[in-house]
Amino acid sequence: MQKLTLTRPDDWHLHLRDGDALKAVLPHSARQFARAIVMPNLKPPVRTVADAADYRNRILAALPVGQTFEPLMTLYLTDNTSPEEISAAKASKFVKAVKYYPAGATTNSDFGVTDIRKCDRIFAAMEQEDIPLLLHGEVTDTNIDVFDREKVFIETHLIPLVSRFPKLRVVLEHITTSEAVTFVLNTNENIGATITPQHLLFSRNAIFKGGIRPHYYCLPILKREKHRQALLQAATSGNPKFFLGTDSAPHARNSKEQSCGCAGCYSALHAMELYAEAFESANALDKLEAFASFYGPDFYQLPRNTKTITLAKQTWQIPDEVPFPGTGLVPLRAGEEITWKIMDG
C-alpha cells in the first residue's frame, strides 16, 4: 500500500460556525489540521479583540477530549474598525489577521466594507503593526459578470492597494483565476494566496453536470477549465506564495438545496484526501507537504508543526451526509469514491 507521511498541515482559511454547528464540524478539522485561520463572519461578526477572545474560548470548549487544535483568530473589517483595535489585535497574540469582505459578497457579509478606499487608515495601521490583511477578492457591482468579479477586483482595487501599502502582508484568499495567479507571482514576497480543494479539482462544469448541483456552488464561483489548470500549476509549483486554505463552509442541507441556496462547499471532513488527489493528478505528490504544512506558517511567521499525519492509497466512499444541526451536512463529492485516506491524525 502506498503511504504518504506529511508534517501535520494547517488550514489557512476555515469556517467553523458557532454553537451546535461548531461542535459538529470542529472534530473534522482537528483530526487533520493542527491550526486554522478561523473566519469571523458569524452573526454578529467577530469585530473586536474581545469578540475574538470569546469565540476562541467557545472553539476550545467545543474541542473533543483527546484532540488538539489551535484556532488562529481574525477580526472582521468594517467601515468602523479603528486603528486602536488593530493595535489591540497585535498585542493579543491570538488575533493573527484581519478579514476584508465586500458588503454582500458572501455568507454573513452584510457588515462588510462598503468602499475599500475608506479603510486606508486601517491598512496603514495594519502595515505598521505587521498584521496580514485577508481578502475576499471580488467586486459586488451587479453590472459585473459573476465570473469576472475576481479579475475586476484585482484590477480595480488590489493593484492600487498594494501600491499604496507596499509592506502590508496580504493574502488573496481562495483564488480562482489565472489572473489571480499572475498577480501573486508578480508581486513581492509579502503577497500570498490560498487555494481550495474544489478549485483545484473542478471547473464550473461541475455545478451543472446533469442538472444543478448546489453542493459545488461556492464563492468565488468555480471558473473555466483553463483557470483550474492555472491554479493546479501554481499549487504544485513549489512556490511558497501559494498555500492551503480549504474555505470549508458548512451549511445544512436545506440551506443548500433550495431555490436560493447558500454558497459554500464542505471539505473539512476529507480535505487532505482531496488535496492529495489533486496533487497526484499533476504528478506532484512530492510538493504536497510544503503546500499544506510549510508555506502557510512561513508566511504567517509561525513555527512549522512537528507532528505528522499519514495518508494511504486506499479507496473509500465519502458519506452522503454527516451529522449537523437541522437537516444534516452534505460534504463535497458526497457518495463518491476517493482514493486517499488518512490513517492517523
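Note that the numbers count up from 1, one per residue, in the order the chain is shown.
Including glycine, each Cβ sits where the backbone N, Cα and C put it.
Together with His13, His15, Asp247, Swiss-Prot lists one candidate of Lys93, Lys99, Lys167, Lys341 for binding Zn(2+) 1, that being Lys99. Within His136, His215, the residue that Swiss-Prot lists together with Lys99, His174 for binding Zn(2+) 2 is His136. Of the listed candidates (Ala124, Ala206, Ala234, Ala263), Swiss-Prot assigns Ala263 to the same substrate site as His15, Leu16, Arg17, Asn41, His136, Leu219, His251. Ranked by Cα separation from His13 (Zn(2+) 1 binding site), the binding-site residues Asn41, His251, Ala263 are led by Asn41. Cβ atoms within 8 Å of the centroid of the Cβ atoms of His13, His15, Lys99, Asp247 (the Zn(2+) 1 site) belong to the same-chain residues Leu14, Ile37, Met39, Asn41, Leu134, Glu173, His174, Gly245, Ala249, site residues excluded. A separation of roughly 10 Å, to the nearest angstrom, links the Cα atoms of Leu16 (substrate binding site) and Asp247 (Zn(2+) 1 binding site). Its Cβ placed at the centre, Lys99 (Zn(2+) 1 binding site) has 25 other Cβ atoms within 10 Å. Annotated pair Arg17 (substrate binding site) and Asp247 (Zn(2+) 1 binding site), C-alpha to C-alpha distance, rounded: 12 Å. The most crowded of the binding-site residues listed here (Leu16, Leu219, Ala263) is Leu16, judged by how many other CB atoms sit within 10 Å of its own CB.
Counting in whole angstrom, Leu219 (substrate binding site) lies 9 from His174 (Zn(2+) 2 binding site) by their C-alpha atoms.
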